[in-house]
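Here is the structure we will look at, set down as structure tokens.
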Amino acid sequence: MSSHTVSTSLAVATLGTPRIGPRRELKSALESFWAGKSTEADLLKVAAALRAANWARQSARGVSVIPSNDFSLYDQVLDTSVMVGAIPEIYGWRGGPVSLATYFAMARGTQAEIAGHGCANGHHHGDSTPQGVPAQEMTKWFDTNYHYMVPEFSAGQSFQLASLKPLEEYREAKALGYDTRPVLLGPVTYLKLGKSADARLDVLSLLPKLVPVYIEILGRLAAAGAKWVQLDEPALVLDLDDRERLAFRDAYGQIARELPHLDIMLTTYFGGLGDNLDTALALPIAGLHLDLVRAPKQINAVIAKGPKDLVLSLGVVDGRNIWRADLPDLLDRVEPIVQQRGAERVQLAPSCSLLHVPVDLELETGLDPDLKSWLSFSLQKMGELSTLSGALSGDRAAVQDQLSASAKAAATRRKSPKVHDMAVSSRAAAVTPAMTQRNSGFAARATLQHQRLQLPAFPTTTIGSFPQTAQIRQARAAHAKGAISDADYNTFLRGETARAIQWQEKVGLDVLVHGEFERNDMVQYFGEQLSGFAFTKEGWVQSYGSRCVRPPILFGDVSRPKPMTVGWWKYAQSLTGRPMKGMLTGPVTILNWSFVRDDVPRSTACLQIALAIRDEVGDLEQAGATMIQIDEAALREGLPLRRSEWKGYLDWAVECFRLCSSGVKDETQIHTHMCYSEFNDIIDAIAAMDADVISIETSRSKMELLDAFKTYKYPNEIGPGVYDIHSPRVPSVEEMTTLLQLARQRLSDGQLWVNPDCGLKTRGWDEVQGALVNMVEAARQIRQVSAG
């Protein structure tokens, strides 16, 4: 190994940091404000303290290029909409500064609608903003588990500078002694993330109106002293057409002409530039950030084709996952680039914003010491980059201990028996195609299932969970703290389960569920019972707004030491003569909602989970279950960003589902549930899963999802959701019969089930009761119509 030294200190940059605070301080402040327990001034004071602490922590860890405007009270895309005045009329904004009431109305809706927005807490802070308005739509940020608020554009859309947040936070940092690099979402990506109610409106046609607003805020930042500004354009890693590429050239050409002395760091992440490389390199920018975790080889083409004076920001530490970097390996990769271009034209950075990882590993005191030594959270990743910079800047001796510790951690992880289980890898290697096939085709299975189950036409059921009341949450928390015994907690849960079953029988549902009161989370519940998973205490990441999630860490080979759900299913089925569904989370969803090991392909990890779930399915069938539901809520979320890579992902994802579901007899009915708003483009894969019954989210789109079935003859049974569980409103019988009649136009009566869109755990019992009583009545009326 060479000496790894250059003459000048290498800059360490972060593209963005977690906003929530080490102890979720932002969540607490937001929910207090929404509940009316604190003032706007209180909330803004907490926000300012979080920003100041963020800047201080970065500075202390050797970050020399510190971002500002990466903080948000809710979401950075919403911040951009507010900045450029893209505020739909419904929110009552008439120009001028945008109030927090308007901001949160866009994020969460107001009054009646607010309690039903996603799974957020239903609180409201009064203001003169119109009441009863819905939130903006929310969707996944690229292929992460973060959600953004979708910008809404109209044909007559105009833009104006309506918020000076980037300028205010730049000045705020400057007053504290930090000369930051402001971060803004770039104009082209911003427009591409948006939507218009008018399908004929090409959102990119709005670019000429939008760019002047960007020029105005960038000009103000430059006047305030900003030498560099970071513009995030992750759309450059997507499939783009020539018109979209031209939009980049137009926008950045105009910015450069108006602001020739402002240096722009154009940031791309979540993948490689691919066929957009030439477009990016032709832009009049001073710097380009590359994701070298997802696409390490693109650096060669950038160096070969790019301008020699282009500053390269090397995203070499994974901003999406929690694994510690192998620093000696990174040194070997980065040193030739630094020596070739010079230290002044290279920055070291995470692959993307650190928003997607927890704040501080040091808060974890209960993790296995070996596992902890393999991990790195946001603050640790900054330290890794500083160590790398030190080693490359002639300070090798000073960082030798850190380099040695990194090498040791990588070596122990590669060899650890905690990670590698020969029995699991041998079993995975022995999987055959026959194990992913049911014994008979659907038609033969359906005949046997109908004979066995004797269900009416249009059978009614729910998706799985029932309301998790405050009493249930309190009991769970008390049990976790040891305040109530296992036996007492179990008795309490059995009582809740029995009540839910009696209630379902009284309402008249045909197929019952046990309610899942014993489950904290649909992934964590299983991960805690599988080998190869670990859980943090403070490993929170933002999902949206105040909602934070604590993803499981999938660190090793996965197996199932003992049955996970059979005891609860047996107890529930003993209380009723009606069919009781076994309820499981599918392997693809468990994978996609976890921090996944990076030492094997994702498909390998998923196959291992599928084998564990297959064992559980077999045990449920052995115990007498006639129906087993395997939820794959996150199947679509795992789709790669580039369409050319979809087939590879869907092939192994479908194979894993079939592996876990195909070991049963023909007369055992396999259900699955998917909750997302479009699947027309993956209908082949959904059919290939070969579930006997699939339930899907369709009510909000008024059954538009079923348009796929006009041309595609879906063979199996399907339960299109007939009411939206995300809203507290109780739908009428007529609304649900109307939706069922729409479904009957696309599918045969024999295929249709009747169910809500999704699980009911976030709703109240009063809402659920009214809705399900009406749903059962709607099914009864449709049976009469069908019978003619």
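Any Cβ shown, glycine's included, is placed from N, Cα and C.
When secondary structure is read from DSSP and collapsed to three states, Glu637 (5-methyltetrahydropteroyltri-L-glutamate binding site) falls in the helix class. The annotation 5-methyltetrahydropteroyltri-L-glutamate binding site is assigned in Swiss-Prot to Arg24, Glu25, Leu26, Lys27, Lys140, Arg547, Cys548, Trp593, Glu637 on the grounds of sequence analysis.
Ser465 (L-homocysteine binding site) falls within a strand when secondary structure is assigned with DSSP. Annotation source Swiss-Prot lists L-homocysteine binding site at Ile463, Gly464, Ser465, Glu516, Asp631, citing sequence analysis.
Under the DSSP three-state reduction, Asp631 (L-homocysteine binding site) is assigned to strand. Per Swiss-Prot, L-methionine binding site is recorded for Ile463, Gly464, Ser465, Glu516, Asp631.
Around His673 (Zn(2+) binding site), taking its Cβ as the centre, 27 other Cβ atoms fall within 10 Å, counting all chains. Per Swiss-Prot, Zn(2+) binding site is recorded for His673, Cys675, Glu697, Cys758, and the stated evidence type is sequence analysis.
Residues or ranges marked as active site, proton donor by Swiss-Prot: His726.
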Helix, strand or coil for Arg24 (5-methyltetrahydropteroyltri-L-glutamate binding site)? Use DSSP.
coil
Where among the binding-site residues Cys548, Cys758 do you find the Cβ with the fewest other Cβ atoms within 10 Å?
Cys548
If we check Cα distances from His673 (Zn(2+) binding site), which of the binding-site residues Lys140, Ile463, Cys548, Asp631 wins as closest?
Asp631
Beyond Ile463, Gly464, Ser465, Glu516, Asp631, what residues of that chain have CB atoms within 8 A of the centre of the L-methionine site's CB atoms?
Thr462, Val513, Met522, Met583, Gln629, His673, Gly759, Lys761
By Cα-Cα distance, the member of binding-site residues Arg24, Cys548, Glu637, Glu697, Cys758 nearest Ile463 (L-homocysteine binding site):
Cys758
Of Arg24, Cys548, Cys675, Cys758, which is closest to Ser465 (L-homocysteine binding site) if I measure between C-alpha atoms? They're all binding-site residues.
Cys758
Distance from Gly464 (L-homocysteine binding site) back to Arg24 (5-methyltetrahydropteroyltri-L-glutamate binding site), taken between C-alpha atoms, in Å:
30
